[in-house]
């Protein structure tokens, strides 16, 4: 029957089409942060790594807290995040065997260009945070246990402020979403410079405070332990980890620019 | 020819013993004893709500009796049923017929020829490719009869098959019923139409209020009805 | 990808330019959603028909659950699939997390209740009409299923399109189980989320318009096919 033949043909086409979805084996899954992905860093450096080694890198970009969780569950082969304290704890807990500095950039405080809290003349980040709390100017926080969120909370602590009240909005969102919301509310927010520079919807927001040492933002690469997760592609992940630290990898990071501006500064030892 | 080979006595007798039917506490059919035998044309008559369709559905096996039992003397014969509103599949007239042949596991290669033959037989050949459900009421009922024809039934049940049709279509259905009968099929049919009963029936089964009041030869029924209700019905006075 | 402040211009440029990356994303979106709908149909059509035909204890509970699952938040479905497929989960050894297959599974879970519940409704009303005739022909309920599914085909097409709509439009589940990996599991909806987070709103909206056009095109195609068939077959 024609109908049956057509059905079988359709089934075969569908099957072969589905088969194209099955990925090749030579890849690692990298859990990393939204800042590195949405700034375009990975898009720029991974092709160089793949050219050298033939290994593809599948980046799952999430908040640092979720990235740790993904790695803990054995769903990622490698981890590149920015929460040094958390990373060291992760090593101490035995989930990773090694942690290395890869690169850094810095956090900045952005807010409405008329700066209602007057933070642009602050001496320190802590003072800037204290001024925002004092004037109760709207502040949008990521509130998602990401590396940026953790850094922000440490700064409130330094300022001796427990952020709460109408003015402090915890969004539970990624960096980009938080910037969109802050722009919409004309609120202050705390962001890594890379995401900020690549962000295209700033509206009235502008950088109001930067340059304090406390705003230093260190990224680290972790070599995950295969003890609990023997299925991890440890050899491939090691190649990636070592490439990031190699002069070739470090140069690729240094070469990455958005709008003529370097966003990440390699600092592997 | 089938007329010679199948003698009326060849069709198994069907007995309904104390058969009754209840639905949600309503006694729709009181305990009833009825037999159908031979190659007769039995027309079931009676006012609305008498239980005519119910009795037929019980006899055909579409409904299970609430009590009593139904027995065939010998193997149950092939049966078919034609409904008041023909239930046709959402396919072409031809496909409606090849469908029943497929259900009967007739070899695929033979289905189309047999179906076309039946369409021809019921004057529907020109409509073979038409969607069954856009046919006129009369054409739909003929298609339903053609479908029953393909089953080659020994017993054919018809539930008021002409109640929604114009005179020409009624004639076509009655001709078809006679064709079945001449081929040796037992006919059991409900109707409201006294003239139709006079034209078609060998015997009349009269029902009223969920009871069978009489089962008698047609002439006898019209000349000497066995109950006051039947007399009133024949005079056109008893509607409910 | 082209960038302009006008989302409609961006969408037009995206479609006309048809650059490889967009083409890959569109293809992947269609692949995943169509396969998910196909798999869901294979399971849900017989399931819906069986629910329409058989009376069994607990049937009403199953029906209510299916109806409720039509409103299952995609994120919850995604989370469940994530926990199942994670290496630490029961199906971890399959290694399917962050792959297109995981996205297909999540979408099947989202689409199946819709198709099954609506199929049950369609088939049940048709069954009410056909039941006596089909039983008179001697069909068992099992043998009625193909007949009823085929005769309900025009209504079921709409049901399947509704399922496809849910599959292709959802983002919460595929984001969690796919990971939005560039070139591997990035589909239309997760691209839109990503571009929004980059503040590139015109591009995000442009992608949205492309997605909507695509879904419209598929619906129009299905409509034309079914209308033609309806006219020919009734």
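Including glycine, each Cβ sits where the backbone N, Cα and C put it.
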Of C:1-27, C:28-54, the range TrEMBL labels transmembrane segment: C:28-54
Sequence-remote partners of the transmembrane segment (C:154-181) [C-beta within less than 8 Å, at least six residues beyond its ends]: 29-30, 32-34, 36-37, 40-41, 44-45, 73-75, 77-79, 81-82, 85, 97-100, 102-103, 105-107, 109-111, 114-115, 118-119, 122, 187-194, 211, 214-215, 218-219, 222, 226, 229-230
Contact set, same chain, for the transmembrane segment (C:97-118): CB under 8 Å, 6 or more residues outside the stretch: 28, 31-33, 35-37, 39-41, 43-45, 47-48, 51, 63, 66-67, 69-70, 72, 74, 77-78, 80-82, 85-87, 159-160, 162-164, 166-167, 170, 173-174, 176-179, 181, 184-185, 187
